[in-house]
Every structure is written in C-alpha cells, then in structure tokens.
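These features come from TrEMBL:
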type	residues	note
TRANSMEM	6-25	transmembrane segment
TRANSMEM	59-81	transmembrane segment
TRANSMEM	115-132	transmembrane segment
TRANSMEM	144-164	transmembrane segment
TRANSMEM	204-222	transmembrane segment
TRANSMEM	229-249	transmembrane segment
TRANSMEM	269-287	transmembrane segment
TRANSMEM	299-318	transmembrane segment
TRANSMEM	382-407	transmembrane segment
C-alpha cells in the first residue's frame, strides 16, 4: 500500500528533481556557481524566468550525436565483448555471475564486464587526447547543458518503456509489483529485473554504464577545461579526479558483489533508477569538478594532504566493512575478523511459502561499531570530495548533504525490512549494536 507520505515524496521528486538538476547546472553556467544570486535576481525583479531560460543552451545535433554514440558504444561493450579481465587480474571476479534469488524464485545471470568497459573507454579517451585528436578532451564540458537534455530524453524514455513493458511483456510476470497508484509505480518501478533478451539487464546497465563509466571521463574533461582556461590543473582538481576515480574503480572491481546490494536485490526498475542513473548521477555527483572549472582552488599542501587522508580512510572503512560482511557470509562465520572468531546473533525467519530459515547477524569488527558503518566510510569520502572546493560557495556541498539524506534513508529502509523479517531477533541485534552510523552518537 502507498501511504500519503510516500506519495507526497514521490510527487515532489517527479516535479522538482529535474528542476533541481537544471538549477544547479544553470547557476554555474550563468551565475558562477552561486545558488543564491538567481533567486535574488528573480525576487527583486532584475530578471524573469524567461530571461534565464532564454540564456540556457538548447539541444543541439552535435550533443545528440555525441550522446547517442556514447550510449551505443557502452551497449556494445556491455553486450558483445565478454569479460576477459578476470582471466589475468588476480582477485577480480568477472564473467558470467549469478545474482540473488528474486521474490519469484528466479536466479538471473549477468555478464560482469564493467571494469573491462571502463578500461577500454579510458584507453581510447587518452589515446585520442594524446595521439588521434578526433575531438577535444573538453568536449563534455563544452556541451554540458545540451547533453543534459539528451540525458533527460533517455531517462524518461527508458523509465516509460519499462513501465509499458511491465504491463504488456514483462520479463517475469511473477516479479512484478503493481500498487495501483500510477505515480508510485512509475517512480519506483513495477518490474523487478526488466530485460531484453537474455543478457540486457536494465538495472545493471543503466546504473553502471552510461553514468558511472562517464563519471571519471566527466572529471577528466573538467580538468582539461581548467588547463585550457588557466594554463594549469589545480591540486584540488587532481584530488577530485583521484578520490572519485578510486570510488568508480572500486565499483567496477566489485561489480559482482554489487549484484547482492539493495539496488539489485530489492529495488524495482522505474523512474527512480532509470532517470536517476541517466541524469541525477552524472550531473550532481560531479559538481565538485564543475565548480572547480569556474572557481579554481589551489589548496595548501597540508590541507590537500588532510583531505586526501580523509578520503582514503573513508574508502578503507567503506571497503573493509563490506569485505568483513562478505567474508562472514561466504564462510558462514567460520573466519577471523580482526584476528579472532567473529561474534554473531543467530536469527530465524519464515519465507513466503512457510519454510523456516536461519541466518547470522555479525556483531564483530566494524559491524560491532555500527549497523551501517560502511555508509559512514562512504560519507567520509563524500565529505572529502566537497572539501577540495573550499568554502566560498555552498554548491559543492550538495553532495554530502544529499548522500547523508540518501544513506540515512537507506538505513531506515533496510532496518524496517530486517525488523519485518527477523522480528524479536532483530531487536536482540539492535541491542547488541545500538548505533546506526556513528558510534556513541547515532
């Protein structure tokens, strides 16, 4: 059932999320990244909405061609080049992998080749920059707003197609969730794992390929623009490229592990993922680099080192926390966490068909500090990205505010699901690990 608060939240996002993206990008293009000046102009009557809109670059054939080639190229890498990285990279899990069991009991198979796609894409990018010169490395920045319209077209198109598909030709009818509320179904999705053919999985492709592969390319284009405008690339821009590059590489190195996360295991595919992956992610997750094009910041060496350490420690916590959970699950608790056998709480739950199952919730290592300490590491890294930009404007800090809201909401969603699943055993677990994110505080 769709409660009134969920419906109000969904309507708000459907109406205002695209405007939020436009407002941020427009403020950089027309107001040097000030979020306040456009409002002042409008409230004082210095400008009208039509004045701002008329100064906004429109969709161009060049941008449409660039974007169409980009998405087609990523589809080519995704569908037609089987992974070879797992054959020579020790520890990397690629190739055909199985996802989690869906509510209907289906186990989907995936071709894990995101790291390979990232490597091929970036090898070609640098080859062009230094040898072929087919296009300027600033091409993304130079067409940034026209590309925004292309991304919106794709985001709405794939979300609408996914909804139509769920009614008329679903991949698995038993994995569809109809609430009867059009806006909720469009936003949160009906089909669990919409697919075309055997291998084209909407969730895996759109979450990783057009957006996250592009993330590092976007930052490289920002760095190239900074070099073009000012004759140098600042250490803050280098930090953004390095820290966010680590995050992106980590995502693709652990793409097989991603199959067991909330996005794949629990979320259905709708506008939230379709439009979000095409527009929200590439445009708002890269605000720090965009800001630094307009406001280059050369950090003091001590500050740069401090920010780098914050980002690396956050990444270490994020990765090691997830590693501890993965190791615990794979060995069913027969392992060592921080040099000793892990402690855990034995839980039981009932499946839909009435069968009883048992599970273990670890209370050792980082998971004894807080119930979602991996999110804490993620937030530390997010803060590091923002700190590279200094304190002149609030725009670069949108990311840490957004991630705090997003991950706190995920904590609540996850714990609500776990309480429904485990009941009194979940209460025992929360008593043993009382904090969600920050030990001793929250």
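Note: Cβ is positioned from N, Cα and C throughout, glycine not excepted.
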The transmembrane segment (204-222) and the transmembrane segment (382-407) contact flag, 3+ Cβ pairs under 8 angstroms: no
Stretch contact, the transmembrane segment (59-81) with the transmembrane segment (115-132), Cβ-Cβ under 8 Å, 3+ pairs
yes
Among 6-25, 115-132, 144-164, 229-249, 269-287, the stretch with the most Cβ pairs under 8 Å to the transmembrane segment (382-407) is 229-249
Quick tally over 6-25, 115-132, 144-164, 229-249 of CB pairs under 8 Å to the transmembrane segment (269-287) gives the top stretch as 144-164
